[in-house]
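Asker: Encoded as structure tokens, here's the structure I'll be asking about.
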Amino acid sequence: PRKSPNSDKSRKSEKTESKKNAEEQTSSRISIKTILTFICLGVACCIGYKGYLETRVNTPFDSSKVVVKSGLAVPARYWGSYRPGNYFGMKTREPYSPVMGLMWYFPKRLGPNGEGIRHWCEQGDNLDHYSWVQHDGKTFGIQTIIDGAFNITSSFVKRYGGTHGGDWTARISVSPKDGETGVAIGETINLIFYTAIEPQTKGRINPSYSGTITGVVGETQELGPFVLRLFNVTGNIEQQSYLSVEAKGFHLLKETIISTLSDTASRKKHYVLPGDLTHFKDESVPPNFIATHLEVKVPFEFDAVFESGSFIDRPNTLTGDVYVKELNAKSILFNRKFEETFRLHEKNFTKNYIKFAKTVFSNLIGGIGYFYGASRVRSEHTQAPVPYWKAPLFTAVPSRSFFPRGFLWDEGFHGLLIAAWDIDLELDIISHWFDLMNVEGWIPREQILGREAEAKVPKEFITQTNTNANPPTFFLTLRYIIHNYAERLTEEDRLGVLDRLYPRLVAWFDWFNTTQAGPIPGSYRWRGRDAQTTRELNPKTLTSGLDDYPRASHPTDDERHLDLRCWVMLGAVTLAELAKLLNRDGHKYVDTFSFLADNTLLDSQHWSEAAARYADYGLHTDDVALKRPPPPPPSSSRPPSFQQQELVRVVLTDPRLRYIDTTFGYVSLFPLFVRSLASNSHKLQKMLTDLRNPQLLWTDYGLRSLAKSSPLYNKYNTEHDGPYWRGAIWINMNYLALGALHYYSHLSGPYQSQASELYTQLRSNIINNMYRQLKKSGYIWEHYNDKTGVGEGSRPFTGWSSLVVLIMAEMY
């Protein structure tokens with residue numbers, strides 16, 4: 001049959017429609033595939049970016065380090081007393097250096113579990129005094145330790161030679177303390193001198209029996225072959241023994257001694273070490289800890305003589321009279337340099353005050369340590385703390401007993417005194433710190449490196465968070481160096497150090513300027529405050545360094561912190577001056593400084609007309625109190641509780657956005673500290689007048705941290721946390737105040753004589769009180785009581801409290 005035209009058209013239409021549908025389905029499938037591809041790519045990018053963000057917290061700034069010479073490349077600083085947390089110890093500036101050290105105890109005082117054995121610097125040992133009295137940071141040191149009726153003097157002298165760091169000798173002397181001869185003569189003391197290496201050390205140590213006292217023979221990759229010999233200089237050895245064993249780590253050396261110490265079967269007890277214990281275990285495991293134990297009668301003296309195998313042409317052994325001659329020569333050079341540097345005799349200080357200054361200075365520089373390890377850090381992008389990269393740190397420490405590790409904002413203050421003594425030493429310290437910077441421009445504020453350091457810190461305080469800052473005090477140090485030692489910076493490779501340092505300083509500043517920025521241009525806010533706490537009367541601001549200093553009662557993003565603004569301004573001017581010195585383009589920092597130095601802007605953000613003072617700004621009420629909540633009501637499932645509930649904060653009046661101007665203290669003085677006020681400013685006059693008011697900050701011992709009129713003056717912050725920066729006198733802040741007063745007393749203006757009078761009185765008060773307290777207590781302290789001047793907190797604290805030496809020298 002014939003096909004009709006309509007049926008052909010129909011079939012054609014069907015084919016066209018079918019083809020069109022197929023194309024649409026294909027197109028749809030392609031679209032779905034494309035969308036899925038993009039989704040997958042997006043997810044992959046998100047995962048990759050998240051991974052990228054996770055790694056930034058522990059990614060180094062770049063591969064170009066500031067420290068280009070270390071270890072044996074700097075032989076003058078290779079060996080040193082770089083174990084500040086020990087009463088006496090020696091090590092090299094190598095990641096896995098052998099360590100040598102001293103322990104001692106009196107058999108009559110030896111308690112259970114080794115109580116009474118001295119090793120680490122511990123406040124609980126209750127020593128009357130211990131401090132380096134002379135130390136040049138490089139070649140020698142002399143330390144005095146007063147333990148009961150006994151004077152234990154430890155000293156060392158280095159001698160350069162060979163290619164592996166040279167020789168050194170340590171002398172340990174035990175004698176009666178002045179006035180205690182009748183009690184101390186003939187008393188028994190046990191001295192333990194040891195050598196230890198870590199599992200990662202490429203080398204070995206073994207006991208040496210070549211002398212009358214057991215010594216050590218060893219070899220490491222860095223040191224080559226070496227020997228450590230002990231020489232009896234004066235006095236008699238009642239009994240000697242030794243220990244050769246595998247210890248579980250540097251943090252357990254004392255425990256290893258305690259676990260092996262035993263008494264002999266004789267009628268009179270003698271405590272001895274058991275000798276070589278490696279034979280009783282796996283002989284394939286060599287010893288990593290060798291200790292020589294000497295039971296002696298007071299007085300007694302021995303030399304520990306370290307000799308490098310590559311020092312072939314040494315003229316003699318550094319012991320006996322040879323050692324005394326070398327030590328005396330070093331001491332003479334130290335005294336001469338001390339006077340040339342600080343000119344205290346020229347300023348008419350007495351011999352006793354100059355001796356005081358030398359002791360304070362020497363304990364700071366003798367407290368410089370070398371550490372190696374990895375910090376534990378976290379960011380908002382990491383699910384758990386992660387390790388930083390392993391790195392060394394060469395740094396001074398705030399307190400050999402309580403804080404024997406590096407603290408970022410403390411170190412900037414330490415550097416002022418160290419730079420005055422030895423610029424290269426300070427530049428080396430700064431360089432090590434900035435090699436710890438991550439790619440974000442952040443440096444962990446507390447450096448807990450190595451197992452010995454970790455053993456002194458509770459686990460909950462070890463992890464560092466990358467949003468948290470610390471005052472950038474290295475800008476203070478660098479500006480001090482630029483202003484006081486500009487000519488010396490052009491010598492040797494010092495400009496090269498600063499040139500390598502500059503990009504990291506820029507990154508550091510930019511990190512502060514962005515991550516700590518406040519709610520309006522020119523304002524800044526410390527991160528890290530806890531807005532949810534119910535335990536604290538005023539939430540702490542640990543990142544500011546001023547811990548419990550009162551801020552806004554209710555932390556919010558609206559806060560403006562005066563001290564941080566001034567720190568950033570100081571950073572900007574320092575970078576501008578450094579850029580000029582290095583012939584770099586620093587206009588960005590000149591502009592930033594000009595912007596922040598505008599006092600009209602400062603006043604608009606921080607000046608309270610009502611109180612006529614500078615202040616923080618935030619959500620605040622003074623009407624808060626710590627109160628004990630009632631016990632929870634009993635129920636069928638819970639019997640009555642007789643346990644006291646912990647105090648909690650009660651807010652009695654709602655907070656409002658305002659200046660925190662009822663508080664007056666160190667933060668209020670920061671515009672004075674950074675010298676941003678004009679010499680004819682009425683605000684300067686008001687600040688100077690308030691400074692001298694005994695009801696506010698003035699005392700006979702220094703400026704207190706918080707005015708007596710402030711609501712939280714001397715108040716506990718929690719039931720158990722006593723006041724810290726709420727009244728006590730802190731020497732670092734007093735140094736900044738004195739520097740400012742000295743500046744304005746030499747600057748023409750209507751308040752010049754007022755600044756000069758305050759400067760003279762305040763300087764005298766601080767020096768005299770710290771001298772009296774050292775004579776009375778044997779220590780320099782973390783802070784001083786504002787009512788009595790008595791030292792408080794940790795001791796010895798010759799970190800920033802050592803700035804009293806620069807105060808005496810009038811070096812600001």
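Heads up, the Cβ atoms here are built off N, Cα and C, so glycines get one too.
According to TrEMBL:
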- 1-23: compositional bias 'Basic and acidic residues' (COMPBIAS)
- 534-544: compositional bias 'Polar residues' (COMPBIAS)
- 628-637: compositional bias 'Pro residues' (COMPBIAS)
- 78-244: domain 'Glycosyl hydrolase family 63 N-terminal' (DOMAIN)
- 319-810: domain 'Glycosyl hydrolase family 63 C-terminal' (DOMAIN)
- 1-26: region 'Disordered' (REGION)
- 530-555: region 'Disordered' (REGION)
- 623-643: region 'Disordered' (REGION)
Asker: Who are the long-range neighbours of the region 'Disordered' (530-555) in its own chain, taking Cβ under 8 Å and residues 6 or more past its ends?
Answerer: 409, 445, 468-471, 561, 563-564, 616-622, 624-626, 646-649, 651, 655, 660, 663, 665-667, 705-706, 710-712, 715-719, 721, 723-726
Asker: Helix, strand, coil: count each for the residues of the compositional bias 'Pro residues' (628-637), based on DSSP.
Answerer: 0 helix, 0 strand, 10 coil
Asker: By DSSP, what is the split of the compositional bias 'Polar residues' (534-544) into helix, strand and coil residues?
Answerer: 3 helix, 0 strand, 8 coil
Asker: Within the domain 'Glycosyl hydrolase family 63 C-terminal' (319-810) only, compute the mean pLDDT.
Answerer: 97
